[in-house]
Amino acid sequence: MQFSKMHGLGNDFVVVDAVTQNVYFPTEVIKRLADRNRGIGFDQLLVVEPPYDPDLDFHYRIFNADGSEVSQCGNGARCFARFVVLKGLTDKKEIAVSTAKGKMMLRVKDDDMVCVNMGEPIWEPNKIPFNANKFEKNYIIRTDIQTLLCGVVSMGNPHCVTQVEDIQHANIEILGPLLESHERFPERVNAGFMQIINRNHIKLRVYERGAGETQACGSGACAAVAVGIMQGVLDNNVQVDLPGGRLMIEWQGKGHPLYMTGEATHIYDGVIRL
């Protein structure tokens, strides 16, 4: 199997062309490939498939290192877009793809930056999914060690965002797993911890479901900014600093799609026997 190793701000991926190759990924194969000591090593496996809809260019599949399939990965989407252009699978710079839960528009820029139309944030609890009677800007979520005030949103995958005073000393190693598997999230959740610098600048760390804390989480950055705007503490254009680097997020509010812009880096190509 031919593959490419890529990363978006340190969030690393193996990207596989399933348009010109016949590939199949059982859970045990994904886990073996994800092993950083005995396999290739990655946060997520991204698979480029032929479009399910003739009006689209590709279908985009995402698997976590534990073998679970998820419906969204913003950093992965940027790498996906660069991959299909680099490999000559398309000559378009505006690429339309489907995911397990919707559609995305990806725009490859000349400076290796990619802008992703992430769609409109989803706030209805039953669509996230999140166990709550109605939408609220802030939810009280109780864990074994702490009661938290959180914003909850879906960017195609569920996110729980908590504001912290100091991102470096936030108790993410403990709170991340507790939120990820909290009973109010039937499909588990990505837990984001946001420090607000000013109305146009935040720092963020994300504990991703199925992957743990990563260097960067694109959909997590989108979720944090959307929550901050909804809560009235952020403006419409926000710089997000993650451990792996910087993303720019723009959202004009309800009724509008959210845009994420950031780097997508190709590291190397390889061949492995499955």
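Every residue, even glycine, has its Cβ placed from backbone N, Cα and C.
Long-range Cβ proximity for N75 (substrate binding site), meaning a same-chain Cβ under 8 A and a gap of 6 or more residues, is found for H7, G8, L9, N11, F13, A216, C217, G218, S219, G262, A264. Feature annotation from Swiss-Prot assigns substrate binding site to N11, Q44, N64, G74, N75, N157, N190, E208, R209, G218, S219; the stated evidence is sequence analysis.
The feature active site, proton donor is assigned by Swiss-Prot to C73, with sequence analysis given as support. The Cβ neighbour count for C73 (active site, proton donor), using a 10 Å radius over every protein chain in view, is 31.
DSSP gives C217 (active site, proton acceptor) a coil state; it is part of no helix or strand. Here Swiss-Prot flags C217 as active site, proton acceptor.
The site 'Important for dimerization' annotation in Swiss-Prot covers Y268. Reduced to three states, the DSSP call for Y268 (site 'Important for dimerization') is strand.
The binding-site residues in question are N11, N64, N190, S219, and the one with the fewest Cβ neighbours inside 10 Å is N64. With a cut-off of 8 Å between CB atoms and residues at least 6 apart in sequence, the same chain places N64, S68, V70, P158, E180, R188, V189, N190 near R209 (substrate binding site), listed in sequence order. Of the chain residues outside the substrate site list N11, Q44, N64, G74, N75, N157, N190, E208, R209, G218, S219, D43, I62, V70, Q72, C73, G76, V206, A211, T214, C217, G220 have their Cβ within 8 Å of the site's Cβ mean position.
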